Amino acid sequence: MKKYLLSLLAAVTYTTAQSVSGSAEGFASGVTGGGGATPVYPADTAELESLLSSEGEQVIVLTKTYDFTGTSATGTACYSWGTGEGCQLILQDDCGDTPSTTVTYDAAGKTPIPVASDKTLLGVGSEGVIKGKGLSFTDNVSNIIVQNIKITELNPEYVWGGDALTFDGSSNICIDHVETSLIGRVHYVFGYNPNSGITLSNNFINGETTYSTSCDGYQYWGLELVGKNDSITFKGNYLYKTSGRSPALSGSTKFHACNNVWSDNNGHAIEGNEKGQGLFEGNVFQEVATVVSSTFWEAGDLFLSSADGTGNDACASYIGRNCASSIYMNDGGDYTSYTDVSWLGDWSGLTIAECAEAREIEGTVPTSAGNTL
């Protein structure tokens, strides 16, 4: 009887986790992923890779840790940021005049799992963890949902040791309630091929790390966005202990950042080139040394909503409502002069997510972001 009850309890628990919680907001609205496909539970890492890469609709449920670590490789690593304790090395064959060494690392971290179209990947509670390998969305894949999982331990000591989530020629993808931590290079990287209709929501970008380029436990590599005409909704995310590229609008990206919390950033948050477009509203910047990098921001199109509402009504002509006010707490740099919104005319036809005032979300986002469902 006891065994039967335990089995019944497990079945009930899994049933509640087999369907997506909520729906995608913003640019990925309408995404269905694996739809109503019968949920499958991969037994091991090999089956997980096989299911994610297979054709057709799939709902894949993670109930444990899938550990890809332990596949050793050796290579040359450069001491590009010093030899002190906590300094990252960079994996590359030629270090030039920079001191170098031979290192052993996990080979799996450098090769992410390719995810095929029409997939839903769900975690049960806090149990769904992928350790030592990331996910990639390339070659025109579309209609994918990833929700309530954790991706962690991708060679954190080494730049080029692995990226958590890679997008390069993809569309209609929602990444929701995902925690990324201890990542060798970038948490979210968007390659040069277009990525349209992407929503990153309620995620925890945990930059607290054992190794970093600044040798101080703050990760520099947050979000690198180099795609052509990418459209990304970034809502409800918590970014903790980063020091740069959070995000880097390095391509011609349309980036809507709404109701996010940046906390304890000892470098800079926003950077980008002359083609990037960033609409930032209803956000909280708390203890951010430099909100926008004057060194790395190359006069692209950027709007930062004000704290007191001044100028936020300028958004109404383009998105049908005023932009939500933001909160700036003990922050540095110039974050008051990014007031032009005329470039939002380029966003005609895009689905713009609703956005609350920052004061309404500042206490909830840090505790709800990540694999907390």
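Each Cβ is built from the backbone N, Cα and C atoms, and glycine gets one as well.
According to Swiss-Prot, the active site annotation covers ARG245, on the basis of sequence analysis. In the structure as shown, the Cβ atom of ARG245 (active site) sits within 10 Å of 27 other Cβ atoms.
Sequence annotations record features per position, and here Swiss-Prot assigns disulfide bond to CYS78-CYS95 (among others). The Cβ of CYS78 (disulfide bond) lies under 8 Å from the Cβ of LEU89, ILE90, GLN92, CYS95, THR98, PRO99, SER100, each of these being in the same chain and 6 or more residues away along the sequence. Secondary structure at CYS78 (disulfide bond), as computed by DSSP, is strand.
Residues or ranges marked as disulfide bond by Swiss-Prot on the basis of similarity to another entry: CYS87-CYS215 (among others). Under a cutoff of 8 A between CB atoms, and with a sequence separation of 6+ in the same chain, the neighbours of CYS215 (disulfide bond) are TRP81, GLY82, GLY84, GLU85, GLY86, CYS87, GLN88.
Summarising the annotation, Swiss-Prot assigns disulfide bond to CYS315-CYS323 (among others). Around the Cβ of CYS315 (disulfide bond), 21 further Cβ atoms fall within 10 Å across all displayed protein chains.
Annotation comment: Swiss-Prot describes ASN140 (among others) as N-linked glycosylation site. The Cβ of ASN140 (N-linked glycosylation site) lies under 8 Å from the Cβ of GLY169, SER170, SER171, each of which sits 6+ residues away along the same chain.
Classification of ASN229 (N-linked glycosylation site) by DSSP places it within a strand. Residue environment of ASN229 (N-linked glycosylation site) contains 13 other Cβ atoms, counted within 10 Å of its Cβ in all protein chains. Feature annotation from Swiss-Prot assigns N-linked glycosylation site to ASN229 (among others).
Look at Swiss-Prot and you will find 1-17 tagged as signal peptide.
Cα of CYS323 (disulfide bond) to Cα of ARG245 (active site): a span of 24 Å.
Taking every protein chain shown into account, CYS87, CYS95, CYS323 are the disulfide-bonded residues, and of these the Cβ with the most other Cβ atoms within 10 Å belongs to CYS323. Geometry remark: ASN229 (N-linked glycosylation site) versus ARG245 (active site), CA distance 19 Å.
Here the Cα atom of CYS315 (disulfide bond) is found 25 Å from that of ARG245 (active site).
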